[in-house]
């Protein structure tokens, strides 16, 4: 007989007890089982003590699957839920308390905290539809839920009642994806009623962002006057012009004029009426029947019309600032030759986007925004083949990332200045060859037409232009002989120019903008040097005062205002085409260098508008 093999290691041995057939006391049949007595001895390995671990990954799923089978076959269930909801037929659902308690804090409290339901086998449930309860019970066992679109609100409401947060989040995410102008208000109201803050916030943001479309829907006309006033009072309402808000309010009143005409005055005070154009106000005062029958509202709008046409500085509500990304756009420019670049800078994260190029390279152009669209006006194409002054007006749509040509100006204008009043673009001065213009023309986007208006009192190229209180200011420049410190102001109602207090410094090619009811003139060229000095014009006192200088001297710079700060971009310092970007904080009277452009350049057109549609950019980049 062969000896039994011994385990490796000195003195090591293992004994296993075989399965024994025993007859437990009181048992009629033989039962095979292993003895609980273990006399085995295992010698540790040479590597020291080790731990054996094993996990069955799908055990939980399998276990809950078996429990669900037991539920469906009504085995081992220890509770019956008797669900009654309004006029719906009552229904009974058998389940296991431990499973319900594991998925719902409400059921857990019901079955474990000494409540009367803890010892009950039949529990009455009210306030939830049986079909909703059926789905929530099924979710407790399967971690899966499915329903038709029309049932989502009911299931979400039930999940909120029983604090099943995962189902609440899933329903909320689904409803966010379904947001539409026709249902956004209803979803927002529902979310508010059930206390789902995240869904309520997302729905409200959708309403603010798509106000123009939402205001055409039935849900909008069913708002209470308090809800409507709250909505149109939002600073972040996304509208192309304030007339959208005005028309929405008038249409809401007309929906039930007999009951709602008493709310017109409250609504008008929530509309940013000082952002409406005098022409628009005049037309409404003449033609709107609701205003005709309300003398107080009519007088209120007449007062605003007078303030606008008299160009009075007024303490009014701030302009709308929708929570959509607003970027600083730079078009064209010059570095050795004219450029066709269109780029956008995001001050919030410091990134640059390369967008659709201008159709023709240009420098010395100007940029402005009307109705969210970016316009590139005039300039010159300096190229190795020759120089061509431009009369072109091109329009860029951020939503499509495409340029489209508009009607050209009456004459080419290089080193032009532009401003916008009442949605109309004013092209000021500039040059065509050796001709230095004092002419000014106005573009009406809705008609795609240019019309000459009164010429300036002085010929100006490299002129800085700004608009404040519906007045157009032309600052500095070059008249063909002298660089200028003079400035003048255009009154659109009178169609005339008037001289104002001259600057402290001669400046041609300065950057001019408006911030906090003051006009700023930054940098420029005085005939000898590029400048870094900055001065500010107070229209109340009619005086220019110096503020902190820029860190770099620069002329032919780009300038704009973004979120209450001035940004200057590029330019020429007398030796180098600059790529630096500086930012001015009026609260601290300090400049800081915030970023660099992708390359140095001067003579760019700059303006601020909405972030472009990334989908369009990605698609067009893929086709290149």
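Quick reminder: no glycine exception, Cβ is built from N, Cα and C everywhere.
As recorded in Swiss-Prot:
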- 1-27: region 'Disordered' (REGION)
- 38: S-(2-succinyl)cysteine (MOD_RES)
- 151: S-(2-succinyl)cysteine (MOD_RES)
- 151: S-(2,3-dicarboxypropyl)cysteine (MOD_RES)
- 151: S-nitrosocysteine (MOD_RES)
- 184-286: domain 'BACK' (DOMAIN)
- 241: S-(2-succinyl)cysteine (MOD_RES)
- 257: S-(2,3-dicarboxypropyl)cysteine (MOD_RES)
- 273: S-(2,3-dicarboxypropyl)cysteine (MOD_RES)
- 288: S-(2-succinyl)cysteine (MOD_RES)
- 288: S-(2,3-dicarboxypropyl)cysteine (MOD_RES)
- 319: S-(2-succinyl)cysteine (MOD_RES)
- 327-372: repeat 'Kelch 1' (REPEAT)
- 373-423: repeat 'Kelch 2' (REPEAT)
- 424-470: repeat 'Kelch 3' (REPEAT)
- 471-517: repeat 'Kelch 4' (REPEAT)
- 519-564: repeat 'Kelch 5' (REPEAT)
- 565-611: repeat 'Kelch 6' (REPEAT)
- 613: S-(2-succinyl)cysteine (MOD_RES)
For the repeat 'Kelch 2' (373-423): best-contacting stretch of 471-517, 519-564, 565-611, by Cβ pairs under 8 Å: 565-611
Most Cβ neighbours inside 10 Å, all chains, among the modified residues 151, 273: 273
Closest to residue 613 (S-(2-succinyl)cysteine): which of the modified residues 241, 257, 288, going by Cα position? 241
Quick check: do the repeat 'Kelch 4' (471-517) and the repeat 'Kelch 1' (327-372) share at least 3 Cβ pairs under 8 Å, counting only pairs 6+ apart in sequence? no
If I take the Cα of residue 288 (S-(2-succinyl)cysteine) as reference, which of the modified residues 151, 241, 257, 273, 319 has the closest Cα? 257
Count the Cβ atoms, other than its own, that fall within 10 Å of the Cβ of residue 288 (S-(2-succinyl)cysteine), considering every protein chain shown. 18
Greatest C-beta neighbour count within 10 angstroms, which of the modified residues 241, 257, 319, 613: 241
Per-region confidence, the repeat 'Kelch 1' (327-372) (mean pLDDT, whole number): 97
Calculate the distance in Å between the alpha carbons (Cα) of residue 257 (S-(2,3-dicarboxypropyl)cysteine) and residue 241 (S-(2-succinyl)cysteine), and round it to a whole number. 25
Whole-number Å value for how far residue 241 (S-(2-succinyl)cysteine) lies from residue 151 (S-(2-succinyl)cysteine) (Cα to Cα): 38
What does DSSP call residue 288 (S-(2-succinyl)cysteine) in the simple three-state scheme? coil
Could you round the CA separation between residue 319 (S-(2-succinyl)cysteine) and residue 273 (S-(2,3-dicarboxypropyl)cysteine) to a whole angstrom and send it over? 10
Residue 273 (S-(2,3-dicarboxypropyl)cysteine) versus residue 241 (S-(2-succinyl)cysteine) - Cα distance in angstrom: 11
Looking only at DSSP and grouping its letters into three states, which state does residue 319 (S-(2-succinyl)cysteine) belong to? coil
Mind checking how the repeat 'Kelch 3' (424-470) divides into helix, strand and coil residues in DSSP? 0 helix, 25 strand, 22 coil
